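Colleague: Attaching a single structure in structure tokens format; questions to follow.
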């Protein structure tokens, strides 16, 4: 029965994909909301489509796993996998799991998702003893084999960097937490009572690599602050393998192709409905569930809390929507 439901979903969602029809953002909103009922589209107030393009990476970084990448295999009885799972409630004392960050106008999503999921995993593996935020900027600026910084990077290489060089601590620009907080300010949006200045016309450049703590109020040396991984790997493409990995070790990093309509996601279970391809994006999968019979992944984005469902989104599960199930990576921390 489960496979019949998935087959039906594939057929339905395939019928929805009619790219390049609407010519304006307003037309995309109307088209999405009139053609399907799984999710609601709404033009965001605080982020433009041009800003979103700067926050994405080239689609080459979303490619499925290559043969040289180790793929972890879980021996699991699929009948034992729960119908719903949410890392936020499974590990409520891990401060990173509930944290939504802001990558600003830089295609640093690959570094953010790695730092976020690694932060979660250190807390989980240590039973809360290592409860911190790891620095997206450390891997963004200092991993020379990861890719091109603000132009994008390979998620698996960020996890390999965690094994080889480690991540120091560091939170958001606003919080100035840890050794190396993010140095690129939010821009063009109002968050709470703070309105940030307009974004740079061409987006941000990749910050320079600095092998020291940039937070002057942090009293731990850069090398002593490093947190290391023991392994880095890809996760099998089957839904049950991704679920088993999250249950065993915590949230994973995944990459997918972004289309114009995703920019307008407001609520519901996203399925690509229309619009041009914009680029690739990396995110953190926290769990899964169903909404009126539609299976979904629960995902944390890095576009601040004003976007989507308070910074989160749900995307249809079991159909490899936009490639999201074929580019999942993770690793085990040293604790």
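Every residue, even glycine, has its Cβ placed from backbone N, Cα and C.
Per Swiss-Prot, active site is recorded for 109, 281, 301. Residues or ranges marked as disulfide bond by Swiss-Prot: 94-123, 106-150, 142-209, 143-146, 179-213, 187-199. If you look up Swiss-Prot, you'll see 193 marked as N-linked glycosylation site, on the strength of sequence analysis. If you look up Swiss-Prot, you'll see 1-15 marked as signal peptide, on the strength of sequence analysis.
What's the neighbourhood like for each of these?
Modeller: Counting every protein chain shown, the number of other Cβ atoms lying within 10 Å of the Cβ of residue 109 (active site) is 30.
Remark: residue 281 (active site) has 55, 56, 57, 62, 109, 255, 256, 257, 258 as non-local neighbours, by Cβ distance under 8 Å and separation of at least 6 in sequence. Under the three-state DSSP scheme, residue 281 (active site) falls in the strand class.
Cβ-based neighbour count (10 Å, all protein chains) for residue 301 (active site) stands at 25.
Taking Cβ-Cβ distances under 8 Å and a sequence gap of 6 or more within the same chain, the neighbours of residue 94 (disulfide bond) are 119, 120, 123, 124, 128, 131.
When Cβ atoms from all protein chains are considered, those within 10 Å of residue 150 (disulfide bond) total 24, not counting its own.
Neighbour density for residue 209 (disulfide bond): within 10 A of its CB lie 13 other CB atoms from the protein chains shown.
According to DSSP, residue 143 (disulfide bond) is assigned to coil rather than to any helix or strand.
Sequence-distant neighbours of residue 179 (disulfide bond): residues of the same chain at least 6 apart with a C-beta under 8 Å from its C-beta are 135, 138, 168, 169, 170, 213, 214, 215, 218, 220, 222, 225.
If you draw a 10 Å sphere around the CB of residue 199 (disulfide bond), it holds 20 other CB atoms from the protein chains shown. According to DSSP, residue 199 (disulfide bond) is assigned to coil rather than to any helix or strand.
Mapped onto three states, the DSSP output places residue 193 (N-linked glycosylation site) in coil.
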Colleague: Near residue 146 (disulfide bond), which residues of its chain come within a Cβ-Cβ distance under 8 Å, counting only those 6 or more away in sequence?
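Modeller: Within the chain, residue 146 (disulfide bond) has Cβ neighbours under 8 Å at 110, 111, 139, 153, 154, 157, 158, 161.
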Colleague: If you count, for each of the disulfide-bonded residues 142, 143, the other Cβ atoms lying within 10 Å of its Cβ, which residue has the minimum?
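Modeller: Across 142, 143, these disulfide-bonded residues, the one with fewest Cβ atoms within 10 Å is 142.
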Colleague: Which number gives the other C-beta atoms within 10 angstroms of the C-beta of residue 187 (disulfide bond), all protein chains shown included?
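Modeller: The answer is 18 other Cβ atoms.
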Colleague: So of all those disulfide-bonded residues, 142, 143, 150, 209, which one's Cα sits nearest to residue 199 (disulfide bond)?
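Modeller: The answer is 150.
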